[in-house]
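What follows is a short report on a single structure.
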Amino acid sequence: MANFLKSWVESDKREVGRMGKIADKVQSYEDEYSNLSDEALQAKTPEFKTRLANGETLDDILPEAFAVAREGAKRVLGLFPFRVQIIGGITLHEGNIAEMKTGEGKTLTATMPVYLNALAGQGVHVVTVNEYLSSRDATEMGELYNWLGLSVGLNLNAKTPEEKRDAYNSDITYSTNSELGFDYLRDNMVVYKEEMVQRPLNFAIVDEVDSILIDEARTPLIISGQAEKSTALYIRADRFVKTLKEDADYKIDWPTKTISLTEAGIGKAEANFGLDNLYDIENTALTHHLDESLRANFIMLKDIDYVVQDGEVLIVDQFTGRVMDGRRYSDGLHQAIEAKEGVEIQDETKTMANITYQNYFRMYNKLSGMTGTAKTEEEEFREIYNMEVISIPTNRPIARNDKSDVLYPTLESKFHAVVKDIKSRYEKGQPTLVGTVAVESSELLSRLLDENNVPHAVLNAKNHFKEAEIIMNAGQRGAVTIATNMAGRGTDIKLGPGVTDLGGLAVIGTERHESRRIDNQLRGRAGRQGDPGETQFYMSLEDDLMKRFGSERIKAFLDRMKISDDDAVIQSKMITRQVEAAQKRVEGNNYDTRKQTLQYDDVMREQREVIYKQRMQVIMAEDNLKEVIMPMISRTVKRIVQLHTQGDTADWNLEAIHDFATTSMVSEEQLTLEKLQGKSAEEIEALLMTFAEKNYATKQKQLSDENQMLEFEKVVILRVVDERWTDHIDAMDQLRNSIGLRGYGQMNPLVEYQEEGYRMFEEMISDIDYDTTRLFMKAEIRQNIRR
């Protein structure tokens, strides 16, 4: 382990040393560019564009372009990037992750690679976690880019397609990760190319890259349509589930958060719903509703996993503590929670398009990111995104004091100690930021502080709209701020007058998160830019992490110490080591899950790419689509004829071929059964294709205007493809949910999913061919065709 860490640090040092030489070149232009007039400095932008057009590369012009962006920032923003920020900028340009501590100026660091890459004219996306940060950075940094002659676009959810198109056509586009993903999906659902908004995905710099590419990696972006209602079944399942007893009727496995009925529970369900066998095929809808109701009632916790506001169930992001507006749990879990909470049950939805962030961001030609905390996930970034994590040195040495964890026997004794600590700091005027893992604990702590007359601000999923304002004041003398994990990422906590003398900002963690990275983010709020600061984590044996993964060694250690007093406090390196070992175990599990998600999602990615590519060819076509439609008809004819001409001619089923032809291709007068008799299979295929060719020619005559024929073909293909594709997405979802339950003995579920998924995809393509054949051959021509 020690050798691994040593090589890790040395490889970073080597990389930083290499980039330091490039930074020297950037800094060598400092005096020359500071003497240029504004006009001369601004004239560098068209000069660089010309040089790129004449064959120079972005790497060739990097030192000069970075130096121009740096001098421009000094003149326009009053900020001059430090040497370490230049190194961070080079890291981003090279498609890697710059790990920069809080307060080291990530936003300013990004201006140099953004400017350089925007010169190529293919678009640069700056990606943030929320619209507040997108708007702020587009406005503030936009001044610099505009001054240097580049256009800046802001892509917000509320914008019209025209406004979005303008934003994407700008040299630099600011957007949230979710809006980028949804725009990509919507672009692949349009029926007219003019409705598309995005350009090809070129270069993205992702701010808070760990939050987007790790924490949200498994979150699928889903565009849904309404499906059929089954409200009554959710209510019945909920009423039944509420009568069950833990252990007797159902069992919960907390480490995996899975729940299942016992034999007794199954018996009760069969009696309650009047069934012989709960797991019969015809009862799958009911078992699905029961599974979701069990999860909703006994695993999903109010004010931790979700909150209820104004009669609506809203998801709480477990990593940021924010309410995820507009997001709903899939597979009926959201409806089951609505039944549990007695609020209106909203209609279930059908997925029409979906993609995960992992697969969306891997489509960029070049991807980079910045964050204060990424080293703990370095392997994942390298394996999944092919990005290295480079730790950028701080501009000034870190002066923060990170104290060892303290452990209490109970939640009550822990919170008692936390309140005592906060109160003493408040009384001497030292600002304190208190991090909690859940909304529930932030509200409990708030009540305890009220009882102790300590004024404070609370920042959690219920009032995140005040986030920037609360965080801005968190460094003032005597300020006490309670925040869930998000702790205002993206907004710096600046120290007020006199606070440095009091020891700077104190950060108190009320429990360890299951991810070390989230703990490090909280620590990083203190001691920015060389300021003093202090951090302390409080834990109890009743904390979630300790309950789920607290080792036997900790329990044995406490027994040996004979600790029974509620206020007893333990501070031991062994405890800290055990906690970190538990965190590493959880991180390993989470990484394996994300990796598995990606392997499953790659099956859908390949299929999605095939469908989207073919769909795009149809939308972009400017000539007739005969080259697309005739092969579809030919494949359908071949399949039907081959199916019914197996073995001896006496066994052939010519009636079935005739039925297909008259229902899907021609009228009964055109083709009698006698015309098929006495012919070989190849001759039958040729005869049917002759009808297809004649039909095509007739339609072309009827639609003498070339555009009308093309429009008719596009209508037919797009309608069929879209309907079959959305059904296929749904079927693949169901396959994925059921594949683990199948009794395949020693078979690998992923291999089964890949093989079955491929078979279903082939089947869907056949269905598309068949439906297109029938619709094209049988459709009556109407004027004013619209897609």
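Just so it is clear, glycine is given a Cβ too, placed from its N, Cα and C backbone atoms.
According to Swiss-Prot:
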BINDING   Q85, G103, E104, G105, K106, T107, D492  ATP binding site
**Request:** Identify which of the binding-site residues Q85, T107 has its Cβ surrounded by the largest number of other Cβ atoms within 10 Å, counting every protein chain shown.
**Result:** Q85
**Asked** Which residues of the same chain, at least 6 positions away in sequence, have a Cβ lying under 8 Å from the Cβ of D492 (ATP binding site)?
**Response** T102, G103, R528
**Prompt:** What number of additional C-beta atoms lies within 10 angstroms of the C-beta atom of G103 (ATP binding site)?
**Reply:** 21
**Shell list (ATP; ref centroid = CB of Q85, G103, E104, G105, K106, T107, D492; cutoff 8 A)** = M100, T102, L108, T109
**Fill in**
Other C-beta atoms within 10 angstroms of the C-beta of K106 (ATP binding site) total 24
**Request:** Could you say which of the binding-site residues E104, G105 has its Cβ with the most other Cβ atoms inside 10 Å?
**Result:** E104
**Asked** Widest Cα span across the ATP binders Q85, G103, E104, G105, K106, T107, D492, in Å?
**Response** 17
